[in-house]
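Notes for the one structure printed next.
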Amino acid sequence: MLKNGKIFLPPPQDGSDIKEILRRVVSSGAGRNVGEDGFPPGSWSPELLAEAISQLDSNGVGVDLRTVQHWFQDNEKGISQANIRWLARVLGCDDPNATSEWQIALGAAQSRLAARRRKQRTESEGVVNDQTSEVDESIVDHAQRTNRDGRSLSLAVRTEAIFSKGSPLDLPSAVFGGAVALGFLSYLLGIHSIRYDLGDGALKEVGFLWAPNWTLLFMVLMPLSFTVASNCIALWKQYRQSLDAEDAGLRVNKSWSDSYSAFNHTHWIVLIICLVFAGVIQWIAIRLRPILSGEGHYAPDWGNFSNIRPDLISAPTEVLFTGLAYLYMAVFFYLFFSSLILVFAITHDYAEITSQSGEIVNKRCNFDCRSIAYKIFTASFRCTCLGLLIAICMKLQSTYTATGRGNIIVWMFDDALSGLSQPLGPGTSVAYSLPTHYSSLIVALSSLVVFISGTLNLEGAKLFHRTLGKMTFVVAILCCAYLLIGSFVGFSILLFVSVLLALCGILRPGFDRDDFVDAEG
């Protein structure tokens, strides 16, 4: 049968696995162009099939010849989903309907091969005798029940499910919706925009909606961070499944759930720190005690304004609002740190799998593996940049509360003009402690760990060194901008440049994709 000038063979429906189907199409030459004499030109060879796949219009990379040679060998190695798509297009003779039919048939045949492989492994294990088998089964059943119960109670697995289950927009929408709800509540309570007299006639803005660590942080930066982490975990779990299906040189000894369960204690530590220390204890020390006692050494702001204007907001109302805000903050900062743990765990899992197969880039996955490594590395870079921007928002607000400027925008604008040698009068200084400096430092350091982990575990310097250099420069200048906030006149100029570079990096992490393409050669 001919189709588009090529030999077409309908996909078999006899229950064959993918190896059996491949032997038939190879011998028949299905998908090859008809010879000049109108007869089939012969069977496929690994070189011809690899060349045919590489010549497909939409596949600019092709497939490695060694991979195709594995298909021709009598082994238990299957074909990845990505390569099944290209093979189906060859066998379908570029006909959309025929290609779809072949893709379905090859996918089902791949599943049958995997099922047969699992059955053979199970049968090869065997048992010595019935009595030993019964004892072993009871032990295994007990272990499996214990493992299932432990996993069902695993905080790490439950947290991972929050990022990987449902829509990728669920978690970003939740944090954004919570921030919007708090903003509406602050407006209804009259603390969205409030000013107080510094004592010399100057007014200082300390409203809730003017605080970047409660608006910009939770409405923009944290939702973006959750989106990056969710997409990264979805990509990695899909790649994990392709490894299990293809089994072409990689030995995956543990499932992703088992691998991530090792981080359970880390999640519990982070949960305790976020809820108990950053949430409850910090709220009591910074909000509750000053409100109840009517005094405190922290700067006046929306969270303790009942001490200054009890006619504007009562102490019980402010206690309730600040308690709700700090609970919201503690929960979502736990999820933020969990997203960093997730990306770290993915880079660690990648390194663990690839280390078991030797020179992975040269032997097995070629472009696919490099592409996955690049995508995971860019995700770690994005998470690091967003984490540093979150830390900058926290420190920026904390530093602003100790200044005498009218609002945070005027303060930064005046600082930039001062840095450009414009004559400006000094603002009124206020001596208050800065309680969030330490917590912002924790956020910054945790974000840096993710980037360093990606650099080491994903071999970024070897695969895409020029892109790595650009990313490292952006991270370094962000760190400098964070550390130097309020340290010298004109720091806001450095801050503006670093934020601009970070935004460019987040939107286009490599700044230039050519470096990654060069690495392929």
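Positions of Cβ are set from backbone N, Cα and C atoms, glycine also.
TrEMBL annotations: computationally assigned, not manually curated.
Taken from TrEMBL as is:
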TRANSMEM  174-194  transmembrane segment
TRANSMEM  214-236  transmembrane segment
TRANSMEM  268-286  transmembrane segment
TRANSMEM  326-351  transmembrane segment
TRANSMEM  372-392  transmembrane segment
TRANSMEM  438-456  transmembrane segment
TRANSMEM  468-485  transmembrane segment
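With pairs at least 6 apart in sequence, the transmembrane segment (174-194) and the transmembrane segment (468-485) have fewer than 3 Cβ pairs within the 8 Å limit; the two do not touch. Within the same chain, the transmembrane segment (268-286) packs against the transmembrane segment (326-351): three or more Cβ pairs sit under 8 Å, each pair at least 6 residues apart.
With Cβ pairs under 8 Å as the measure, the transmembrane segment (214-236) is packed most heavily against 372-392, out of 174-194, 372-392, 438-456. Each of 174-194, 326-351, 372-392 was scored by its Cβ pairs under 8 Å to the transmembrane segment (438-456), and the highest score goes to 372-392. Beyond the transmembrane segment (326-351), the same-chain residues lying 6 or more positions past its ends with a Cβ under 8 Å from any Cβ of the stretch are 156, 159-160, 162-163, 171, 175, 178, 182, 218, 222, 225-226, 228-229, 232-233, 236, 256, 259-260, 263, 266-267, 270-271, 274-275, 278-280, 282-283, 287, 372-373, 376-377, 379-380, 383, 387, 390, 443, 446-447, 449-450, 453-454, 456-458.
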